[in-house]
């Protein structure tokens with residue numbers, strides 16, 4: 001049957017036995033999503049309107065907020081329609097587009113986090129050259145390079161899946177489409193897709209993680225050469241927010257990868273929770289982290305609250 005070989009749709013995962021709680025789950029998910037949208041929009045608005053934040057570090061933060069908005073918006077509305085209206089099917093084409101957006105945006109976010117680590121390294125280890133090395137024009141070029149890198153590395157993923165036959169189950173493990181999840185449903189040799197997917201992950205997220213760690217090793221060496229503990233703490237405190245943001249991105253990513261690799265026998269609830277954590281936790285955590293660590297952002301947020309709630 002040709003329709004079996006080229007599925008018109010996949011079925012999004014549901015938690016068995018919890019169908020009656022879908023409305024409450026949707027309310028919770030919607031609340032977290034609105035918090036992520038509000039926080040990231042506030043960051044973009046504040047950076048745009050506050051001249052003192054027109055520096056590479058905060059331009060990168062603005063990019064990060066935009067990516068988080070795009071990533072959560074590419075998945076959460078579809079998940080909400082599933083919980084509210086029980087529309088569990090997603091078309092094959094829409095699934096591939098969603099998969100491409102998730103992986104590409106994640107790759108772009110990883111590259112921006114690496115650029116932020118380099119910014120911290122230059123600011124601490126070569127402070128006199130910081131303004132000359134990381135200009136606003138350079139920041140824009142890095143942002144464009146991050147986009148190109150994500151598209152080039154992850155566009156082949158849906159293209160490799162497009163010709164594969166799907167003659168078995170169409171049930172996904174998550175409430176949205178991920179490459180490995182869709183690939184596991186194919187009833188053909190998926191070795192090229194497996195090899196390319198693993199290579200792309202290692203050359204983007206894996207390499208970025210190594211370079212971020214290397215930059216912090218160099219930063220730590222430079223900080224320890226400072227004369228007093230007070231100077232050391234002051235210098236390293238400028239990196240705390242970025243370290244927290246990196247952890248908020250990579251810990252859910254690693255957790256989701258471990259679940260995919262070793263969690264075939266785990267309950268469906270674990271897969272669904274880890275997938276939602278991967279999509280939503282960075283988007284919610286990033287504006288909160290920088291809001292707490294940046295006094296200018298704190299002050300502008302309080303001013304906005306006062307304006308709208310006099």
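Glycine is no exception: its Cβ is also placed from the backbone N, Cα and C atoms.
Under the heading domain 'G-protein coupled receptors family 1 profile', TrEMBL lists 39-290.
The transmembrane segment annotation in TrEMBL covers 20-46 (among others). Packing against the transmembrane segment (20-46) from elsewhere in the chain are residues 14, 53, 61-62, 65-66, 68-69, 72-73, 76, 79-80, 83-84, 86, 276, 280, 283-284, 286-288, 290-291, 296-297, 300-301, 304: each is 6 or more residues past its ends and has a CB under 8 Å from a CB in it.
Summarising the annotation, TrEMBL assigns transmembrane segment to 58-84 (among others).
Here TrEMBL flags 90-118 (among others) as transmembrane segment.
According to TrEMBL, the feature transmembrane segment maps to 139-162 (among others).
What TrEMBL records for 194-219 (among others) is transmembrane segment.
The feature transmembrane segment is assigned by TrEMBL to 240-263 (among others). When Cβ-Cβ distances below 8 Å are used as the criterion, the transmembrane segment (240-263) is approached by residues 64, 106, 109-110, 113, 116-117, 120, 173, 178, 180-181, 201, 205, 209, 212, 216, 270-271, 274-275, 277-278, 281-282, 285-286, 289-290, 292-294 of the same chain, each at least six residues removed from its ends.
Summarising the annotation, TrEMBL assigns transmembrane segment to 269-292 (among others).
Long-range neighbours of the transmembrane segment (58-84) within the same chain, counting only residues 6 or more positions beyond its ends whose Cβ lies under 8 Å from a Cβ of the stretch, are 12, 14, 22-23, 25-26, 29-30, 33, 36-37, 39-41, 43-44, 47-48, 90, 98, 101-102, 105-106, 108-109, 112-113, 115-116, 119, 136, 139-140, 142-143, 146, 175-176, 245, 276, 279-280, 282-283, 286-287, 290. Through the fold, the transmembrane segment (194-219) approaches residues 103, 106-107, 110-111, 113-114, 117-118, 120-121, 124-125, 149-150, 153-154, 156-157, 160, 179-180, 183, 236, 239, 243, 246, 250, 253, 257 of its own chain, all at least 6 residues removed from its boundaries and within a Cβ separation under 8 Å.
Per-residue pLDDT, averaged across the domain 'G-protein coupled receptors family 1 profile' (39-290), gives 90.
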